[in-house]
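K.L.:
Sharing a structure with you now.
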Amino acid sequence: LPLPDLANQLTELANHIRLISCNAALPPAPAVATCDTAMDTSPQGTVEGPPTDAVAFRGQQPSKKQRRGPREFHFSRYRTRFVALELMYVGWAFQGFARQDNTENTIEGVLFSALRKVKLVPEAAVAPISDLNYSRCGRTDRGVSALGQVVALRLRSSARVDEPEAPLALEYDYPRLVNKALPSEVRVLGWTPVPEDFNARFCAQYREYKYFIVQQRLPPPPPPQAHPEVKTASAATSQPEDNGAVATAAVGAAEGSGQAQAGPSAEPLPGPVPDTDPNLDPDSVSDMDAGTTRCSYSLDIDAMRAAAAHFVGEHDFRNFCKPDVATVRSFRRRILSFTIEPVSTSTADKAHQVFAMTVRGTAFLWHQVRCMAAVLLMVGRGQEKPEVVSELLDVEATPGKPQYSMAPEEPLLLYACGFRGLSFRRSTPAMAGTMGDVAGLMHRHLIGAALTAACHSRLTKDDRCTGDVAALLSGVVGSAPHIPLLRRQTEPSVEERMTRRGIPWPPEPRQLGRGEGTGGADEEVEDDAMMME
């Protein structure tokens, strides 16, 4: 029993004992339910064990805490404020951004659960999400992360309905409140009030993605076996100048005997040549083996940059997406910029360099970024020429999309969403907590990178491995032969897909205006992963 109830029972028992001592006629005394040996008193003062029936406590009043039920929160007493929230999340463990009926393991699922927990939005049964004027800038797919995702919705304000609107300095610190109820992989970075007609999807000026790839430095091929006589001649030529006559005689004797071959084979082997690749980490130059001529790499970054330049501008990207003819009427999109630059990382393995493919555009089709990354990786591996991008963008020459797999989703990051005149408010306590959480995630992944790099380094130095180590590291050995994209079977064209659905193909697709992130209601402008796989 609770301590107050037990104290009440002991007090009643003491009163009964005092009355018995005065020979007063008393009803049966209530027993202490928590005692192993319950007590009762008789008129003669003897102590007996009475029945421990709950009827003896029927008249007992419950405590104040027991009488008080769950407190009901009245949202009608508070004003609301229409705000935009900037979100960051690592989406590897989530089933995408958009909420789903069959799972709560989505970014929107955990976000709205946290908003309801801290009483910033009513329960779904009281006020559905549609009543909150909710909108999102992008809809990332399963496994995709984001740093600059933006959503807009109506939240409870700190001011009551009978008070004027609260100044921004006195408003709730929304990021700090919500982050307390969110998992560590999801954080609210900032907030800002927005006009009533603001829409996170249609008001976006651009969306910027980063897709991370790894450039691997491959070991040099084994040097060719030199002829024994050539070794002698080479060794002789490396002697000091005073032995030059001896070296000349040795070479002449070899030529006269016909055992040495004329030509470059009799020349001394060239010395080390410093690598001039601008993408190479300067710290890794010292790790080059003596006697090597030039390091080889798993990806040709310059060729990938030349191919990526063809994406810039307004094009029909039907061959670089998963066509969704049910919602999309125009596959023309404008790419504002496309760069491939190295990224500084703290790893123990200098043989691997991380690059970021950064693409900025007004809008993206379903899986567009991952399809573009897949084709660029084929170019980087030397399987396709850079001109294949322009050939696939020519929908008249290539009306059907060749069958190829998309790039994985884990390296994709929605880096930023651009809005005109939008500046998010950040508080020091909220950012301090977020920085600590991000540092914890980064340390965990850095340790994992160092761990796997140690395993990889030891395996590459295993002399028991037979065959070309460079081919093993580049993944050439055991892989199926590459079929050029333009020679592959194609998927049904957009016109064929629409004919099957009975949808008329628009004769003049609407053109996107300059700086226009979205078009009319018939135009789909979600990000590259607008639907669930």
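Using N, Cα and C of the backbone, Cβ positions are placed for all residues, glycine too.
Just so you know, TrEMBL annotations never went through curation; they're auto-generated.
Just lifted these from TrEMBL, have a look:
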type	residues	note
REGION	217-287	region 'Disordered'
COMPBIAS	244-266	compositional bias 'Low complexity'
DOMAIN	307-419	domain 'Pseudouridine synthase I TruA alpha/beta'
REGION	490-533	region 'Disordered'
COMPBIAS	490-499	compositional bias 'Basic and acidic residues'
COMPBIAS	521-533	compositional bias 'Acidic residues'
K.L.:
Mean pLDDT for the domain 'Pseudouridine synthase I TruA alpha/beta' (307-419), rounded to an integer?
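P.N.:
Computed over the domain 'Pseudouridine synthase I TruA alpha/beta' (307-419), the mean pLDDT is 91 on the 0 to 100 scale.
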K.L.:
Using DSSP, break the domain 'Pseudouridine synthase I TruA alpha/beta' (307-419) down into helix, strand and coil residues and give each count.
P.N.:
27 helix, 34 strand, 52 coil
K.L.:
Please list, for the compositional bias 'Basic and acidic residues' (490-499), how many residues fall into helix, strand and coil according to DSSP.
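P.N.:
Counting residues by DSSP class gives 6 helix, 1 strand, 3 coil.
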